[in-house]
Amino acid sequence: MGAALKMTIFLLIVACAMIATTEAAVRIGPCDQVCPRIVPERHECCRAHGRSGYAYCSGGGMYCN
C-alpha cells in the first residue's frame, strides 16, 4: 500500500475511536465543580455517580464515561 493510503486508513481509525469515546461520555452536573481539580479526583467523582471514569471537561461541564 502507498504511504498516503496507510495514513488515510490510520486517520479514519483514530477518528472513529475519538467519536466512540465522545459519544459514550455523559455530562454529570454534580461533578462540574471538580473540573479544575486533579485527574484522580475527577475519576472519583464519576465513579461516585455510577460511571466508569472521567472523560473530559468542556465549557465548565464534566463528562464521564
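Using the three backbone atoms N, Cα and C, a Cβ is placed for every residue, glycine included.
Only one of Cys35, Cys64 is recorded by Swiss-Prot as the disulfide partner of Cys46: Cys64. Note: Swiss-Prot links Cys45 through a disulfide bond to Cys31 (candidates: Cys31, Cys57). On the backbone, the CA of Cys46 (disulfide bond) and the CA of Cys31 (disulfide bond) stand 7 Å apart. According to its DSSP assignment, Cys64 (disulfide bond) is in a strand.
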